[in-house]
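Q: Let me give you the structure first, and then I'll get to my questions.
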C-alpha cells in the first residue's frame, strides 16, 4: 500500500514537472499531435473567389478601368504573339511566370480562370496557416473573409502578379506554421523552397519581402530554442527547393538573352527610389499613408510590435511589422504614378500580421480564465480597432476609378477610342506608333506595336538608363505616328524630335495632338 502511494507521489511530481516545462517541449508535443484541423469553409472560399474575380478583373476589363502598369503587362502578353522577347522588348518588373501567363491568356478569360484558382488556393492556405498556428478555426474563417474584402479593393484593376503569387507564398507558410506549432514536425522544407520560388517568379518584390519575414521568424525561433543544427539543415533544404525552380527558369532567361534585362526590371522598384522630399514624395505619403491607416495597416503594425502574444506568433509579427514599414517607405519614395494596387506589394506580409493578431489557443490556468471571458472575434477587433475606417477605404478604392472615368475626366477615355480608329487609318499593321500618354491603352486599341520597351514616359522612366533607352528608341526607330497627351509633359529632346521629323495632323481632339512622320 505504501509502495502504491509512493508511486502516486512520484507520478504527481512527474506531472508537475511536465506542467512547468516550456510549452514547446511539452504542451505542444502532448496536445498538438492529437488536434484535428478545423473544418475548411470551402463554400465561403468558392463564393468569395468567384465574386472577387468578377469585381477585380471582369469589371475593369469590360469598362477599361485597368491600372497603367497592368495595361502594360497585358500589352506585353499580347505583343509577344507578334514578335519580340519579354524584358528585352517589353519592359516589366514582375516575374517570368506572370508574363508567360499573360502571353498564354492575353489577359482574357483564361487569365480570369487562373486568378480564380489563385484566390481559391490562397484562401485555403491562408486558413490552413492561421488554423495551424493559432488553433482558432472560427477566427481563421474571419481572417479569410477579411482577406477577400481587402483583395477586392486593393486588386481592383491591378496587382494581379502578387495575387497570383499568394497561394505559393502561403503554401510555404502553412508548412512553416506547422513547424512553429510543433517543432517535432521538422519536415517539408524542400517544399517550402519550391513554393517560395513559385511565388518569386510571379511577384519578385512581394515574395522577397515575404521570404525576409519567414526567414527572420525561423531564425529567431530556432535561436530562442537552441535548435541551431535544425536551423542550418532547414536553410539547406529551403535553398535546395528554391534552386530547383530558380536555376531552370533563370537558364531560360539567359538562353533567350534577356537575363540582364530581367534583372534590371526586377530591380527597378528599388533602383528608382529617390530620397528627396519633393511634391511627388509628399503626395505619395499622403495617399499611401491614408490608405494604410484606413485599411488597418497602421493598427496591425502597432499590435504586431507591442501586443503580448505567444513566442511562435511574436517571431512572425515583429519582422512582419518592420517589413511592412519598409514596404511603405518604398512606396513613399517611389516615382511611379499613384495607384492603390501598389499596396499589393506588402499585402502578403500584412496578411501575416493579421494571422498573428488572432489570439491563439490557451492552455492550463490561462485557458480556464479565458473561458470565463467573452471572446472577441478578429472580425470585430479589426473593424473596431480601425474605427470602421475600413468601410470608407473600401468604398474609396472601388468608387474612384468610376469617378475618374465617367465623372471627372471622361474626355481622355472617349478620345482614345477615336484615336485608335485614326491611327489605324494613318498606319499599316507593321508600322510602329508611340503614345506619349499616361497609359498604354492606345496600342492594343489600335492593334499597333510600340517601337520601345518603355510604353509610357510616366512609367519605368525614373532611372537614367530607362529614360535614355526611350529617347534612343524614338530617335532610331522613328515611329510613324506619335500621339501626345496635352496633360503629359513633353521632354525637351522629344520636342526637338517632333519639330525636326514630324508634322502635326489636323484633328478636333481637345486632349491630344497627333504627329505623323514627314
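Backbone N, Cα and C define each Cβ position, glycine as well.
Predicted automatically and left uncurated, TrEMBL annotations should be read as such.
Pulled these from TrEMBL:
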TRANSMEM  45-63  transmembrane segment
TRANSMEM  107-127  transmembrane segment
TRANSMEM  147-180  transmembrane segment
TRANSMEM  192-220  transmembrane segment
TRANSMEM  232-252  transmembrane segment
TRANSMEM  285-306  transmembrane segment
TRANSMEM  313-333  transmembrane segment
TRANSMEM  339-358  transmembrane segment
TRANSMEM  387-409  transmembrane segment
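How buried are the listed features, and what sits near them?
A: Sequence-distant contacts of the transmembrane segment (45-63), counting only residues of its own chain at least 6 positions beyond either end whose CB sits under 8 Å from a CB of the stretch, comprise 70, 107-108, 111-112, 115-116, 119-120, 123-124, 127, 144-145, 148, 151-152, 155-157, 160, 163, 398, 401-402, 405.
Sequence-distant neighbours of the transmembrane segment (107-127) (same chain, 6+ residues past either end, Cβ-Cβ under 8 Å): 40-41, 45-46, 48-50, 52-53, 56-58, 61, 73-74, 77-78, 101, 140-141, 143-144, 147-148, 151, 160, 163-164, 166-167, 170-171, 173-174, 351, 355.
Within the same chain, residues 48-49, 51-52, 55-57, 59-60, 65-67, 69-70, 73, 94-95, 98, 101, 111, 114-115, 117-119, 121-126, 128-130, 132-133, 186-189, 191-193, 195-196, 198-200, 202-203, 206-207, 210, 214, 217-218, 221, 295, 312, 315-316, 339-345, 347-348, 351-352, 354, 390, 393-394, 397-398, 401 sit at least 6 positions outside the transmembrane segment (147-180) and bring their C-beta atoms closer than 8 Å to a C-beta of that stretch.
Only residues 6 or more beyond the boundaries of the transmembrane segment (192-220), in the same chain, are considered here, and those with a CB under 8 A from a CB of the stretch are 93-98, 161-162, 164-166, 168-169, 171-173, 175-176, 179-180, 231, 234, 237-246, 249, 266, 269-270, 315-316, 319-320, 323, 326-327, 344-349, 352.
Below 8 angstroms of C-beta separation, residues 96-97, 186, 189-198, 200-201, 218, 222, 259 of the same chain, each at least six residues beyond the ends of the transmembrane segment (232-252), sit close to that stretch.
Sequence-distant contacts of the transmembrane segment (387-409) (same chain, six or more residues past either end, CB-CB distance under 8 Å): 55, 60, 63-65, 149, 152-154, 156-157, 291, 293-296, 340.
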Q: Give the nonlocal contacts of the transmembrane segment (313-333) in its own chain as ranges (CB under 8 Å, at least six residues past its ends).
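A: That would be 133-134, 180, 209, 212-214, 216-218, 220-221, 224, 269-270, 273-275, 281, 284-285, 288-289, 292, 297, 300-305, 307, 342-343, 345-346, 349-350, 352-353, 355-357, 360.
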